[in-house]
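Here's the structure we're looking at; comments come further down.
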Amino acid sequence: MSKIIDVKAREVLDSRGNPTVETEVILESGASGIAIVPSGASTGSKEALELRDKDERYMGKGVLKAVENVNNEIAKAVIGLDASSQTELDLTLIELDDTDNKSNLGANAILSVSMATARAMANELGIPLFAYLGGIFAKKLPVPLMNIINGGVHADNPLSIQEFMIVPYGAETFSDALRMGAETFHTLKSLLKENGFATCVGDEGGFAPNLESTEKAIEFILKAIEKAGYTPGEDIAIALDFAASEFYKDGIYTIDGNQYDKEGLLDFCIKLLENYPIISLEDPASEEDEEGWQILTEELSDRVQLVGDDLFVTNPKIFLEGIGKGMANAILIKLNQIGTLTETLETIAIAKQYGYNTIISHRSGETEDTFIAHLAVGTNAGQIKTGSLSRSERIAKYNELLRIEEYLGYGAMYASKEEFWPFLQ
């Protein structure tokens, strides 16, 4: 009854108006699952490759080739497979592609089938996707890292750092955390308006004001936290995504117009940690700068969460190599960086084995698909990045987490400060 009998893909649009792949997998029982693949703006060089048409349509960003690959070559390979064996399905897709980065069929084509199959199985069993992924142990609601000021490639402003996030880890429940974040977000909007700054938003729903420095952005956020009635560092902490590969060249980091070598970058980070309640730094060094990563990890790993995104690209092999080299203490998990659910789950398992925190993440080019909300709870990841408190493709994930919390009832647990305990001693 769980055999795949049909696979249908189509070209749809993501939150930036760019094409992406949506796939429906239909089972013999009549159950089906639909999944839409996201797309990133700042991408790691070793990410799995999303296939684009590179023709006149959509300025070269069409995905009709990927759609055709799903509807033809992939469909022929997976029709008849048992959908209850996610590993067999994903290995079939990996072998069919037969490249290291899924450049033949496209990671966007492969992932859409992988995700849709998992959702179809959950629907056949009549259980939520998170329960299918994690069973009876799936009950931890993640702490949200909410991107409320955008910079870098996510916004057209002078800020070098890509994301300024609030972390409501002092809440007792996920719903309380969401409320705290929303109240702070709207308070920040008022403060920016009062000070003459525009309140237009970037790709991920955060504001993109023309602030001149990292410190200025953080200070606005701290004022918003306090004015909303919360205590910075106690109720709500701050997290930053440097996306440092975007401003690293020839061994030098250029941040807000200032240049730093490896040691200077360390000093810059230490100064931020000493002056502000920062709990997490994502990609503070470039993926190309192993020594810089090692310096930061050696000096700061007991003080702050150091998250590898471009550094690890959700790739189990690359992640294990990075662990061996002493880089980072946490990993960002993005399904489309690696291209299958099975490989994603393998990477999460490695993180848990070696004591690395895991943060499930969206992409800047998102969709209404809520798969990552279920992945966060299903794997008890403890943290999620899914944007700001605006734009419906971001809110969709938060709303789904509210539904999951309600479904779990008294069994639901909010990850809270326990997720960051090593850095709060």
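Note that Cβ sites are derived from N, Cα and C of the backbone, with glycine treated the same way.
Listed in Swiss-Prot:
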type	residues	note
ACT_SITE	Glu204	active site, proton donor
ACT_SITE	Lys334	active site, proton acceptor
BINDING	Gln162, Lys334, Arg363, Ser364, Lys385	(2R)-2-phosphoglycerate binding site
BINDING	Asp241, Glu282, Asp309	Mg(2+) binding site
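Taking the features listed in Swiss-Prot, we show where each one sits on the structure.
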{"residue": "Gln162", "record": "(2R)-2-phosphoglycerate binding site", "Cβ neighbours (10 Å)": "27"}
{"residue": "Glu204", "record": "active site, proton donor", "Cβ neighbours (10 Å)": "31"}
{"residue": "Asp241", "record": "Mg(2+) binding site", "Cβ neighbours (10 Å)": "28"}
{"residue": "Glu282", "record": "Mg(2+) binding site", "Cβ neighbours (10 Å)": "28"}
{"residue": "Asp309", "record": "Mg(2+) binding site", "Cβ neighbours (10 Å)": "29"}
{"residue": "Lys334", "record": "active site, proton acceptor", "Cβ neighbours (10 Å)": "26"}
{"residue": "Arg363", "record": "(2R)-2-phosphoglycerate binding site", "Cβ neighbours (10 Å)": "27"}
{"residue": "Ser364", "record": "(2R)-2-phosphoglycerate binding site", "Cβ neighbours (10 Å)": "23"}
{"residue": "Lys385", "record": "(2R)-2-phosphoglycerate binding site", "Cβ neighbours (10 Å)": "29"}
Max CA-CA distance, Å, over listed (2R)-2-phosphoglycerate-binding residues Gln162, Lys334, Arg363, Ser364, Lys385:
17
Using the alpha carbons only, what distance in Å do you get between Asp309 (Mg(2+) binding site) and Glu204 (active site, proton donor) once rounded?
17
Please list, in sequence order, every residue of the chain apart from Asp241, Glu282, Asp309 whose Cβ lies within 8 Å of the Cβ centroid of the Mg(2+) site.
Gln162, Glu163, Phe242, Ala243, Leu281, Asp283, Val307, Asp310, Leu332, Lys385
Taking only the Cα atoms, work out how far Asp241 (Mg(2+) binding site) lies from Gln162 ((2R)-2-phosphoglycerate binding site), in Å, as a whole number.
6
Whole-number Å value for how far Arg363 ((2R)-2-phosphoglycerate binding site) lies from Glu282 (Mg(2+) binding site) (Cα to Cα):
14
How big is the Cα-to-Cα gap, in Å, between Gln162 ((2R)-2-phosphoglycerate binding site) and the residue listed as 'active site, proton acceptor'?
17
Provide the three-state secondary structure of Glu282 (Mg(2+) binding site) computed with DSSP.
strand
Please report the Cα separation of Lys385 ((2R)-2-phosphoglycerate binding site) and Lys334 (active site, proton acceptor) in Å, rounded to an integer.
10
